[in-house]
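Structure first, then comments.
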Amino acid sequence: MKELKVSAINKGTVIDHIPSGKGLKVLEILNLPEDNTILVAINVKSQKLGRKDIIKVEGKILNEDEVNKIALIAPTATVNIIDKWEVVEKRNVEVPDEIVGIIKCANPNCITNYEEVKPKFKVISKKPLKLKCHYCERTMEENMVVKNLL
């Protein structure tokens, strides 16, 4: 018999297969409203990852920008949409080829940091993560990308 360590949700989103230790960062970048019930499991056993984190958000379906942010921090994550206690959609997150408006450029002289221009990055490499600013051509690696998520 399977043991459920984190209670099920009626309607919302489950973010599963987050690498162990990255769940709180995922939660932080999602900036969820206080009225959502949020369940977090950290460092639970996983056949796929050995250990993983899980986040369940009652009453919230993630938008594309939120899923893209998760992909930058936790590329092994899966996003499950729940309705009436059942998984109605399941998808693996994927780093897109181009990222617009969710990361601030690390170059203080970049036009995106002083004009009303949405930051835009081309993904040079997904593993390891490396992005290049469309405007100033500054490259950023994973640790800098995570620090500059909007």
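From the backbone N, Cα and C atoms, a Cβ is placed for every residue, glycine too.
With a cut-off of 8 Å between CB atoms and residues at least 6 apart in sequence, the same chain places Cys105, Asn107, Asn109, Cys110, Ile111 near Cys136 (Zn(2+) binding site), listed in sequence order. Classification of Cys136 (Zn(2+) binding site) by DSSP places it in coil, neither helical nor stranded. If you look up Swiss-Prot, you'll see Cys105, Cys110, Cys133, Cys136 marked as Zn(2+) binding site, on the strength of sequence analysis.
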For the Zn(2+) site built from Cys105, Cys110, Cys133, Cys136, further residues of that chain with CB within 8 A of the site's CB center: Ala106, Asn107, Asn109, Ile111, Thr112, Asn113, Pro119, His134, Tyr135, Glu137, Arg138
Entry from the binding-site residues list Cys105, Cys110 having the most other CB atoms no farther than 10 A: Cys105
